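> Before anything else, here's the structure in question.
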């Protein structure tokens with residue numbers, strides 16, 4: 001596009017001129033357009049704004065019939081409109097996320113408090129989005145379930161993803177977490193195995209409690225997470241009334257290059273609501289999209305959900321006085337020692353205009369940090385940082401960051417060129433377009449000035465493959481059991497027994513022993529439940545993939561069905 005064309009875009013994101021050919025953002029996440037996009041909106045003679053066209057701009061006069069030899073004859077190859085329409089239809093889907101496939105999203109704004117608790121936030125971080133009371137940053141949030149597919153029921157027992165993209169003045173920051181504040185494993189090497197164990201059996205294509213607990217029984221660090229997941233905390237009532245957490249430990253860095261360990265928590269101002277298994281099953285029978293509908297409808301009605309962002313802070317040390325490692329994502333930091341300090345509030349106030357463009361193609365990564373925010377040595381965080389961005393390049397494409405929902409709402413200038421589906425070039429006014437490298441003395445891009453002292457941690461250790469020292473896999477899981485209400489304990493035991501009923505006796509026994517190490521009552525109640533379940537259900541066969549309820553449902557489908565005559 002040349003500058004002389006009618007209505008050619010001259011402004012970049014938020015109206016700042018950057019020469020990228022971007023039109024101003026209207027806040028929807030879908031209005032950013034790239035070089036080569038027609039802006040004059042001309043219409044052909046006899047054509048109106050609502051006239052159907054092909055993707056080439058040709059008006060479509062007949063969208064009902066193929067071009068054929070006679071009205072019963074064979075179709076001709078020059079059916080361009082049909083070929084374009086059908087070939088695009090054949091390619092409408094991109095690869096589904098390997099985890100977090102089922103999702104819903106919304107746009108909103110984050111407003112900073114300008115302090116952390118009662119202290120100036122600059123003491124801990126130089127990140128600009130936090131530094132002024134009332135400063136607002138646009139956000140996009142994607143909620144999701146984890147294990148199951150893109151159209152699976154939103155009542156299934158599963159962690160819920162809680163990913164927030166902040167479009168800050170320094171570029172994007174992605175805070176990618178879950179509703180539950182701990183995780184199953186502490187080392188990213190085990191992540192593919194964890195997901196494989198929870199995904200459907202590769203032979204039967206059914207999720208199998210025997211496989212899940214075969215893995216868990218050999219992974220005792222997962223007990224804390226299991227004690228949450230199989231209680232009502234494993235089925236949030238909806239997305240509006242659930243917590244969020246960054247799960248991993250990060251770091252904040254101030255202008256002097258001093259770092260503190262930090263954990264992030266989202267607290268819903270609507271309150272927290274969870275479902276028991278029977279309650280979830282009753283809802284699923286009526287609406288398996290209930291959480292997506294709940295979020296969309298409340299925003300559409302002007303009832304905007306809000307969350308307060310709170311942080312826990314700890315000095316950047318190993319903290320030998322604690323009985324756990326602060327970098328262990330299977331552990332909670334005790335709130336009485338490390339209080340939750342509010343730093344801002346998020347409001348979701350706009351629904352997506354197009355689900356695919358904004359929710360499905362949104363891409364998040366734990367490595368997407370702005371100045372003043374940094375990584376810790378949390379092993380899961382290190383592994384996630386590679387995996388998340390890698391899967392987006394596979395799933396969406398090399399230039400996924402040029403998509404409007406993923407693009408920063410600010411000046412962007414890189415020397416990255418080409419690749420599949422590149423639709424604009426990140427150049428700036430005055431830049432020599434012949435120069436796509438740095439350094440250069442011919443009007444190329446220049447490095448930015450430093451905003452503060454660099455954070456430079458030092459290490460003195462050997463390269464090893466070893467677990468951390470302070471594993472302590474049972475104490476916090478036992479504490480969680482004792483903190484559960486009677487209703488939560490009853491639901492937890494019932495759900496564990498149901499899932500374990502399809503496992504081999506050796507796995508059942510190992511799990512009972514592990515639960516007993518967490519709390520004697522915990523192990524005893526699961527053991528008693530399994531004994532009762534076996535008595536009522538008879539012999540269990542490993543690999544059948546059926547727990548008690550699953551086996552009953554298979555038989556029930558035939559027993560209650562109605563015969564029909566062939567036609």
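Backbone N, Cα and C define each Cβ position, glycine as well.
Quick caveat, the model's predicted, so the values are computed rather than measured.
From TrEMBL, for reference:
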type	residues	note
COMPBIAS	1-10	compositional bias 'Polar residues'
REGION	1-73	region 'Disordered'
COMPBIAS	11-37	compositional bias 'Low complexity'
COMPBIAS	50-68	compositional bias 'Polar residues'
DOMAIN	53-446	domain 'Catalase core'
ACT_SITE	100	active site
ACT_SITE	178	active site
BINDING	388	heme binding site
> Averaging the per-residue pLDDT over the domain 'Catalase core' (53-446), what integer do you get?
95
> Taking just the CA atoms, what is the gap between residue 100 (active site) and residue 178 (active site) in Å?
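If we compare the Cα positions of residue 100 (active site) and residue 178 (active site), the gap is 10 Å.
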> Show which residues of the chain containing residue 178 (active site), separated from it by at least 6 in sequence, have their CB under 8 Å from its CB.
146, 159, 160, 161, 162, 244, 245, 247
> Which three-state DSSP class does residue 100 (active site) fall into?
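Residue 100 (active site) sits in coil per DSSP, no helix or strand.
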> Just going by other Cβ atoms within 10 Å, which of the recorded positions 100, 388 has the emptiest spot?
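Each of the recorded positions 100, 388 was scored by Cβ atoms within 10 Å; lowest is 388.
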> For residue 178 (active site), name the DSSP secondary structure in the helix/strand/coil scheme.
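Strand, per DSSP.
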> Do you know the DSSP helix, strand and coil residue counts for the compositional bias 'Polar residues' (50-68)?
0 helix, 3 strand, 16 coil
